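Reviewing the structure listed below.
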Amino acid sequence: MLVSKEWLKTFIDVDADTKTLAEKITRGGIEVDDIIDYTDSIKSLVVGYVESVQKHPEADKLSVCQVNVGEHTQQIICGAPNVRQDSYVVVVLPGGRLPGGVKIKKAKLRGEESHGMICSLDELGIHSDYVPQEFSDGIFIFQNEQIPGDDALEALLLDDQVLEFDLTPNRKDALSMIGAAYEVRALFGGEVNEPEVKIDRKADGSITPVTVSNEDLEASPFYAAQSVENVTIGPSPYWMQIRLIKSGIRPINNVVDISNYVLLEYGQPLHMFDRDKIGSDTITTRYARDGEVMTTLDEKERKLQPTDIVVTNGTEPIALAGVMGGNFSEVSDATTNVIIESAVFNKVSVRKTSNRLNVRSEASSRFEKGVSHVFVLKALNRAAYLLQEYAGGTVVGDVISDGALDLEDSEIVISTEFINNRLGMDLSDEDVKESLNRLGLGVTDEGETLKIAIPSRRDDLTIKEDIIEEVARIYGYDNLKSTLPEYSKITPGRLTDSQKKTRVIRRQLNAIGFNETINYALTSDKESRQFTHRTQALGLLMPMSEERKVLRNSLVPHLLKNVTYNLNRQQKNVVLYEIGRVFEFIDAQSQPNEIDMLAGVMTGVVGQTEWLGNGTPADFYYAKGVVESVFDKLGLTEHVTYKQEELYDELHPGRTAAIYLDENFIGYIGEVHPKYAQDHDLNRTVVFEITLRDVLNIQTRTIAYEILPKYPSITRDIALVVDVEVTAHTLDEIIRKSAKKYLVDVFVFDVYEGEHVEAGKKSVAIRLKYLNREETLTDEQVEAVHTPILAALEENGALLRS
Amino acid sequence: MDTSKVTEIKTSFTEQITDVADEKQLNDVRVTFLGKKGHVNGLMKEMKNLSPEDKPVWGNEVNALRNYILETIESIGTKLNEEKLNRQLAEETLDVTLPGRTVSVGSPHPLSRIVEEIEDFFIGLGYEVAEGYEVETDYYNFELLNLPKSHPARDMQDSFYINDELLLRTHTSPVQARVMKSKDGKGPVKIICPGKVYRRDSDDATHSHQFTQIEGLVVDKNVRMSDLKGTLESFAKEVFGDAHDIRLRPSYFPFTEPSVEVDISCFKCNGDGCNICKGSGWIEILGAGMVHPNVLEMCGFDSNEYSGFAFGMGPDRIAMLKYGIEDIRHFYTNDLRFISQFKQTEDGGHVDASL
């Protein structure tokens, strides 16, 4: 909503400067997004009287004009085709300025002196979209006699600033000049003047009066029409045109302009029909029939639906209610008799229709928010009056209407105490009454409570809390104290165990060089089936692209895309992780299982020190070390086992470890399949993905402290030759199972294949650590435990090397 | 008794010892003179041929020689050791200006940083962190929040619907609704809800179909709007610095009444007006308000007995403003050159209060 200050002042006397006005309105809850200052960078603009116009001797398209600019007459060369003798125009004098950094100097044009310039509206900073047709190719010419030498900005009503209101959806009351005036009254005081209406109504005209009816009161609860005869189509008065222009509407002709002008005055959209083209003597509103077709005034054929409301001539639509007129009933240059429509239409229907047809207008945007009943007839009469005054029309007969307006004030009962309790303020009854009075709300003191009467122009106020807001915003939020809540019960602020552990994992991964990423949850069909055993993904009803169509099943595909992206930007070593959700499809109707996952990717070298030329390759074992460090940090090492498995097509079948937490599969570590890597411009890359939810669900409780051993431990090394397929885990299991006591640690410290070892075999060296916490172990005691272990290994096919 | 042999050996020792250059040579000299078959022992053996009165004299002479040799060898040994150590130190000198062995340090995501910082502030005020579903029902995402199906803000075009009843949540407010419903109408509720949210926008420099949100909710008996103001004021000082003020402007949200937008004095100019705040000195960072009675009632609270406030903010926007990030898509592209800029610690300007 664009609010001209000059126009606003005709509604309410406000003398604040524009900046203060804007600031206070903004703080009051209507954000003034911008101030358009029409005086900006304009200097030395006066009214000129063109005394004579002669052809330029040297140039066909130029005219040599003698222009009276007040104290004297001077020669100005003008290139506009519409310059004419005996007209009042706008002149910038030499030394003057126009928007866009234009400076005017005395000049010679093809040998003829020019003292200034005669201006077009464009040159004054008015967007060409809003310049009336009449002046679109030339200079502006005043409609009426002016005084040469006068300040032209004033004469143009452009000594003005326009405030651009950014209205929140609840403030439809301010979608009009009168609404803006009421808001200014609430903030600055004063009284609101309503526009003049003095209708000289004739009882009978030359044409049959129309009858009006609403088939469905839900579609149109109220419809009113006024007949105005014998109008003459022509330009509207300048003040009306310029106010429309400042409001962002292009003037067309007096009838159309009056309709728009009154819409801006009251926020009530009107429609003007050519009476003689309606095609009947009745106007009926109803919901459209399914499949009904009409052509709107933009000559587009519209297929209607039963949620659309149409205004009909009894048989066929003459307007799409609240949205757009029909093509055959609209006002044209030949129109002489007019029917003005002022109505209330179902706001949801209007919104649906304008959304579906993608037609948004000043009218539809007001209807869809709901119009104020109190202005429906006022606007109708005002428009009739303006047609009488500025289109030479005769207002014939009374307003014809069907349905009823709801003009009763609504009521809200509230107490000052309630307001104070909710706001944390100490307002008196008087403070509250004062604020509400300024808003134009009626207040009746009923002892303990206040009864507030809400006029229909503020039908957005429906509950007590709305009144609290009105009081607060008029009283000012700056006057609100700053306090902290006084709770009814003390409860500690804290993270849950899972949230804490998630933070620990983040810190841990950051500390060992992993960079955190956040990727999109939406992905393509194809990616939703990679690195997962799930074959289905939950999809969107209306995806915006193939790439963002379904919810992800794994974090890995996007992480690998991140790797490719970074490799393509000269990053050789890429180490990333993400903690995020995947969405397990249950069925198309149900919320999916949302599962928190942890995934990481690594490629290149970790800890590369260039001048030393070393670093650790980011390989399978590095990734495994990372995963182990996370489990170590979480105290889960004992619960976790790794098994070689062929999980997904995208992983190297020989280099993938499935991770089990106790007996449950919770994820994997693996090298990306060379084929996948090649297809995605990746080097050797390792990934891991773990179901974080399962990991976090295990409660590790507090740390179980163990007293430090007082006695030394004893180690024994074993060298074995086994089949290459035998895993370290298998050997570990055999050893641990056959150890009766004292064994506290087992680890492989060497693995060798090749020379001196038979083909298909490998040599494995294992260190066992024995400890008795009660006393020093003797060799005999160790042997008693160690010998059965060796035997068990041999039983399982291992060959002991001496 | 002829002591010239002692003198001879001493002279010989002095000659040999001056040529000693390393420990091995020193040891050779030691063996030559002090070894079992060395010169000093040789002299001692001659004792048996002496008269009883000469024996002690001879013994003294030889012992004096032995002590002299021992001391000399020891002091030269020490000197040699020192020299060796000095040589070692000289050889081991490094160019300490070469870079150290790389210990990689990863970066948290800038949004995680901001979210954690905000979480921690509110935890300090007694809040808990609540999380919820990213795929929500229409009921929790809209209806419970006073956005019935006919509400103009509910265009199917604006949200990622999965079917008529399911959609990707458009805000984290459904978490608040779920927590409230779980409380059986009893306060206090003090939660902060961070999470990913989704809107059906085309991605560009200022729009992202996925972004981050943090909302807060307090419901209890006698929660006042001044409590909201005080809470957000201390929040602004904690997260943006003590110099920052806030102001409330009336606004509109379907789920709060009264509703306010909260501005913070500009990060860059702190109120003087600059290009970041478009000259106003203020930057809008939050939407907030008193929980709408319809929302309280629908979530099981008696709106006459209970009241509450709620607020919501976008970590993406806060990060963009705070760091001058020009394109929201950077948060989701995961360019290492971007992420790694958010590795370092930052100072909030809070000076240590301990003595």
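Glycine too: its Cβ is placed from the backbone N, Cα and C atoms.
Quick look at what TrEMBL lists:
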type	residues	note
DOMAIN	A:39-153	domain 'TRNA-binding'
DOMAIN	A:407-482	domain 'B5'
BINDING	A:D460, A:D466, A:E469, A:E470	Mg(2+) binding site
DOMAIN	A:709-801	domain 'FDX-ACB'
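The DSSP breakdown of the domain 'B5' (A:407-482), given as helix, strand and coil counts, is 36 helix, 16 strand, 24 coil. Listed in sequence order, A:S435, A:L436, A:L439, A:L441, A:L461 are the same-chain residues six or more apart from A:E470 (Mg(2+) binding site) with CB atoms under 8 A from its CB. Filtering the binding-site residues A:D460, A:D466, A:E469 for a Cβ under 8 angstroms from any Cβ of chain B leaves A:D466, A:E469, in order along the sequence. Annotation for A:D460 (Mg(2+) binding site): spatial neighbours A:N170, A:R171, A:K172, A:D173, A:D466, criterion Cβ-Cβ under 8 Å with sequence separation of six or more. Each of the binding-site residues A:D466, A:E469 was assessed for Cβ neighbours inside 10 Å, and the highest tally belongs to A:E469.
Residues in the domain 'TRNA-binding' (A:39-153) partition by DSSP class (helix H, G, I; strand E, B; coil) as 8 helix, 49 strand, 58 coil. Residue counts for the domain 'FDX-ACB' (A:709-801) by DSSP state, with H, G and I taken as helix and E and B as strand, are 28 helix, 33 strand, 32 coil. In the predicted structure, the domain 'TRNA-binding' (A:39-153) carries a mean pLDDT of 91.
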